[in-house]
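Only one structure is covered here, and it is reproduced in the block below.
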Amino acid sequence: MQGVHARAPGKINVFLKVGQVMDDGYHDVATAYQAVSLHEDVFAYEASDFSVTLSGSIDTIDVPTDGSNLAIKAARALARKTGYRGGVRLEIEKHVPVAGGMGGGSADAAATLLACDALWGTECSREELLAIAAKLGADVPFAFTGGTAVGTGRGDQLSPALATGHFQWVLAFAEFGMSTPKVYSELDRHRERHAQDIFPTPAQPTVDANVLQALRSGDPRLLAESLHNDLQAAALHLAPGLTNVLELGEENGALAGIVSGSGPTVAFLAADVDAALELQVALSAARVTVARATGPVHGARLIHD
Ligand SMILES: C[C@@](CO)(OP(=O)(O)O)[C@H](O)COP(=O)(O)OP(=O)(O)OC[C@H]1O[C@@H](n2ccc(N)nc2=O)[C@H](O)[C@@H]1O
Ligand SMILES: Nc1ncnc2c1ncn2[C@@H]1O[C@H](COP(=O)(O)OP(=O)(O)O)[C@@H](O)[C@H]1O
């Protein structure tokens, strides 16, 4: 049967500052996202109801296949918005670790919006699809746009950031996932428990100028110096073993390592392809599950197979 194939990328937060909790319960954030070459592939086929099946290179056992799957939510949201009366059968090939802090579910949602819009001929504009994306999750608009961008508010108000060249990443996957709300709550607890001088809450978080400069320059050494994640301490508190992974990467030639988003994936920045390959070998030898990726890459797009 003729279907539509869409692809969307995972992401690394190369910078993430977390501000206060807003009235909607979300934290006010300022982040610099980079889309990386670890993709989710979504195949959409006509059907009378909504269903999803999963395959891919990673363990998908914890991913729901009922209406709580973010891809099904995305398809239903598009159908509601456009008045489309049918359904869709979705097949997702996952390569982004589940609950890994790399926005895999968000990529599924973004790719599904694009695939269903094409399959159903609903012809939504980019802006309409982005508006639906923002309602599905804070990271979904970025999975849609990709590249390199600054996200503010919930992380869904995007402005493109200039970036040159390609950065080489080595990703250390964990054998467990971490819940995004739990990591945000842990940061709140840290901030309540400890003096504000250790974990200060920025009144209005912004992305540091040196990160934007590093992204513009394409120089991995500059970017390595400016990687920052306010959620990292909270993630390390909940998963102390990640500290060893960070140390191992830095001992084996990484320019720097950072927990991606709410973790537990650790992203190492390498100086070049050779350094990335060496690091990949060293981490694999230490029985860490690794993948290499480059960034930035495109956002969600249709693939004409
Ligand atoms: C931490 C980040 C960094 O990019 O990514 P992940 O690690 O999840 O990939 C994001 O802020 C996550 O984005 P996403 O995973 O789309 O979040 P959502 O599904 O919208 O929200 C899940 C929950 O996380 C918390 N949340 C999320 C975003 C935000 N700015 N403030 C929050 O407090 C809220 O408790 C919310 O109910
Ligand atoms: N299509 C999907 N892929 C992955 N997880 C999904 C999906 N739909 C719903 N989920 C749920 O969302 C949670 C977080 O998803 P994910 O996007 O993989 O991680 P993160 O938010 O850390 O980047 C998972 O634990 C899972 O229960």
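The count begins at 1 with the first shown residue.
Note: Cβ is positioned from N, Cα and C throughout, glycine not excepted.
Curation plays no part in TrEMBL annotations; they are all automatic predictions.
As given in TrEMBL:
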| type | residues | note |
| --- | --- | --- |
| ACT_SITE | Lys11 | active site |
| ACT_SITE | Asp139 | active site |
| BINDING | Pro97, Val98, Ala99, Gly100, Gly101, Met102, Gly103, Gly104, Gly105, Ser106, Ala107 | ATP binding site |
| DOMAIN | 69-147 | domain 'GHMP kinase N-terminal' |
| DOMAIN | 212-285 | domain 'GHMP kinase C-terminal' |
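Features as recorded by TrEMBL, highlighted on the structure.
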residue: Lys11; record: active site; Cβ contacts under 8 Å, 6 or more apart: Tyr33, Gln34, Ala35, Val36, Met102, Gly103, Ser106, Ala107, Asp139, Phe142, Ala143, Ser260, Gly261
residue: Pro97; record: ATP binding site; Cβ contacts under 8 Å, 6 or more apart: Ile58, Gly104, Phe173, Ala174, Gly177, Thr265
residue: Ala99; record: ATP binding site; Cβ contacts under 8 Å, 6 or more apart: Asp62, Gly177, Met178, Ser179, Thr180
residue: Gly101; record: ATP binding site; Cβ contacts under 8 Å, 6 or more apart: Asn13, Met178, Thr180, Ala235, Val259, Ser260, Gly261, Ser262, Gly263, Pro264, Thr265
residue: Gly105; record: ATP binding site; Cβ contacts under 8 Å, 6 or more apart: Val63, Asn69, Leu70, Ala71, Val98, Gly137
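Checked against ligand 1, the recorded positions Lys11, Pro97, Ala99, Gly105, Ala107 give no residue with a Cβ less than 6 Å away from one of its atoms. Among the recorded positions Lys11, Pro97, Ala99, Ala107, the residues whose Cβ lies under 6 Å from any atom of ligand 2 are, in sequence order, Ala99. Listed in sequence order, the residues Gly10, Val96 complete the 8 Å Cβ shell around the ATP site centroid, once Pro97, Val98, Ala99, Gly100, Gly101, Met102, Gly103, Gly104, Gly105, Ser106, Ala107 themselves are left out. According to DSSP, the secondary structure content of the domain 'GHMP kinase C-terminal' (212-285) in residues is 43 helix, 11 strand, 20 coil. Counting residues per DSSP class in helix, strand and coil order gives 47 helix, 9 strand, 23 coil for the domain 'GHMP kinase N-terminal' (69-147).
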